[in-house]
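Engineer: Here it is, the structure, as structure tokens.
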Amino acid sequence: MTQLLAITGTIAAIATAIVPQQGSVGIVRVSGSQAIAIAQTLFHAPGKQVWESHRILYGYIRHPQTRQIVDEALLLLMKAPRSYTREDVVEFHCHGGIMAVQQVLQLCLEGGARLAQPGEFTLRAFLNGRLDLTQAESIADLVGARSPQAAQTALAGLQGKLAHPIRQLRANCLDILAEIEARIDFEEDLPPLDDEKIISDIENIAAEISQLLATKDKGELLRTGLKVAIVGRPNVGKSSLLNAWSQSDRAIVTDLPGTTRDVVESQLVVGGIPVQVLDTAGIRETSDQVEKIGVERSRQAANTADLVLLTIDAATGWTTGDQEIYEQVKHRPLILVMNKIDLVDKKLITSLEYPKNITQIVHTAAAQKQGIDALETAILEIVQTGKVKAADMDLAINQRQAAALTQAKISLEQVQATITQQLPLDFWTIDLRGAIQALGEITGEEVTESVLDRIFSRFCIGK
């Protein structure tokens, strides 16, 4: 995709998910200078309905040559600049499914539109000044949100809660640059620069950047979720734990060791964070080739998980098998889950032995659905203590934004070093301009075409 391509021509795409025989409504979106003309060719509105902006018309979509009715539909007309793209936009609200929307899209393409590239509607909104780059990225995050908190954070970005502080930081850098350049151009007419004040201002900007950088881990958690692996010996209650936690019968539960032969996955939300829970096969030495594959997959799941729930049988206590598994997973953030406590005398639970460097212990009786709240609390404690990091701010930055903020901070540190070394003022401006450019990349005030391509390729065709 190129910027020239993105702002020329009229584009069309299906804007809703295509679910065969399930979706009740399907939307075809058209944007560009020919959008209204295409709609007037295809759409027949009976009676005295008026084609006005931001009004919904009822009627029929007809083939322009055969006049055959393709669908009974609603038409929404939005004239520039009061539309998502700030261009003329029409939306055909058709019956759901596959056939109707595909036929309508084909008629739009035959009428002069071209098929939109992924994210091209939002790219046009950005290029036409309706959105900045952080807001555009927030739209993608909102569409892909997997939890209420992820959606709320994306909405905060869409409302400009990230763009505003970034613009203010950039403006502060520009003010400092103006002071320095004024001394370069009019040195004899102005008082000397206050070096200490400039350093103080730069330190304040860098401190605010550090606060924003602290939200990166939270952003990653909300976007990708927390991957949690339940591991342990066979028959310690791992599958029962998954079923109790997910409130379903995702995993088969029997009294026979080795029942789980593969990794069973369930998607949950804990404290607003999407959690991918993996119930793994019991880890032990075995001659069964199928079970051996399952054991190897269990080890792989544990080694790639953000958090490991090492599950043991409280009735049998800590065994050599538990110790062997612990040695394999102790390098990961870990919670020890003592399961089946309903089978143990309460007085004996506190005397159960385990490695003393395990600090997070949860007692559960998964078969009785007991201890799940305590388990979720322990997980959130690990997240909040930084073992799996997440900040408490309303907003959260992504990897691209974090890279730009990091570069801005490095540039500001280099400015400070330049001032301390008493180098000429021209040298001060070089790194200061670097910080300004890095901050501008976040909101899109200074951004390359390749970056735009990378960002908007994340979107679906109709967004």
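Glycine is treated like the rest: Cβ placed from N, Cα and C.
What Swiss-Prot lists as (6S)-5-formyl-5,6,7,8-tetrahydrofolate binding site is ARG29, GLU91, ARG130, LYS463. Positions annotated as GTP binding site by Swiss-Prot: 235-240, 254-260, 279-282. The K(+) binding site annotation in Swiss-Prot covers ASN235, THR254, LEU256, THR259, and the record cites sequence analysis as its basis. Residues annotated as Mg(2+) binding site in Swiss-Prot, with sequence analysis given as evidence: SER239, THR260. Summarising the annotation, Swiss-Prot assigns domain 'TrmE-type G' to 225-384.
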Engineer: May I ask for the distance between LYS463 ((6S)-5-formyl-5,6,7,8-tetrahydrofolate binding site) and ALA281 (GTP binding site), taken between their Cα atoms and rounded to an integer number of Å?
Structural biologist: 41
Engineer: What whole-number value in Å do you get for the largest C-alpha pair distance within ARG29, GLU91, ARG130, LYS463, the residues recorded as binding (6S)-5-formyl-5,6,7,8-tetrahydrofolate?
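Structural biologist: That value is 19 Å for the farthest Cα pair.
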Engineer: Pop the mean pLDDT for the domain 'TrmE-type G' (225-384) in here, whole number is fine.
Structural biologist: 80
Engineer: Taking only the Cα atoms, work out how far GLU91 ((6S)-5-formyl-5,6,7,8-tetrahydrofolate binding site) lies from SER239 (Mg(2+) binding site), in Å, as a whole number.
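Structural biologist: Just about 48 Å between their Cα atoms.
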Engineer: Between ARG130, LYS238, LYS463, which of the binding-site residues has its C-beta surrounded by the fewest other C-beta atoms within 10 Å?
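Structural biologist: Result for the binding-site residues ARG130, LYS238, LYS463: minimum number of other Cβ atoms within 10 Å at ARG130.
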Engineer: If you count, for each of the binding-site residues ASN235, SER239, the other Cβ atoms lying within 10 Å of its Cβ, which residue has the minimum?
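Structural biologist: So among ASN235, SER239, the binding-site residues given, the one with the fewest Cβ atoms within 10 Å is ASN235.
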Engineer: Are there any residues in the same chain, six or more apart in sequence, whose C-beta is under 8 angstroms from the C-beta of ARG29 ((6S)-5-formyl-5,6,7,8-tetrahydrofolate binding site), and if so which?
Structural biologist: ALA12, ALA13, ILE14, ALA15, VAL89, VAL90, GLU91, ALA116, PHE121, GLY462
Engineer: Can you tell me how far the Cα of ASN235 (GTP binding site) sits from the Cα of ARG130 ((6S)-5-formyl-5,6,7,8-tetrahydrofolate binding site), in Å?
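Structural biologist: About 57 Å separates the two Cα atoms.
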Engineer: How big is the gap, in Å, between the Cα of SER239 (Mg(2+) binding site) and that of ARG130 ((6S)-5-formyl-5,6,7,8-tetrahydrofolate binding site), rounded to a whole number?
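Structural biologist: Approximately 50 Å lies between the Cα of SER239 (Mg(2+) binding site) and that of ARG130 ((6S)-5-formyl-5,6,7,8-tetrahydrofolate binding site).
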Engineer: Helix, strand or coil for LYS463 ((6S)-5-formyl-5,6,7,8-tetrahydrofolate binding site)? Use DSSP.
Structural biologist: coil
Engineer: Looking only at Cβ atoms, how many others are within 10 Å of the one on ALA281 (GTP binding site)?
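Structural biologist: Within a 10 Å radius of the Cβ of ALA281 (GTP binding site) lie 28 other Cβ atoms.
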Engineer: Please report the DSSP secondary structure of GLU91 ((6S)-5-formyl-5,6,7,8-tetrahydrofolate binding site), reduced to three states.
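Structural biologist: Where GLU91 ((6S)-5-formyl-5,6,7,8-tetrahydrofolate binding site) sits, the three-state DSSP reduction gives strand.
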Engineer: Using DSSP and three states only, what is ASN235 (GTP binding site)?
Structural biologist: coil
Engineer: What whole-number Å value do you get for the CA-CA distance of LYS238 (GTP binding site) and ARG130 ((6S)-5-formyl-5,6,7,8-tetrahydrofolate binding site)?
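Structural biologist: On Cα coordinates alone, these residues lie 50 Å apart.
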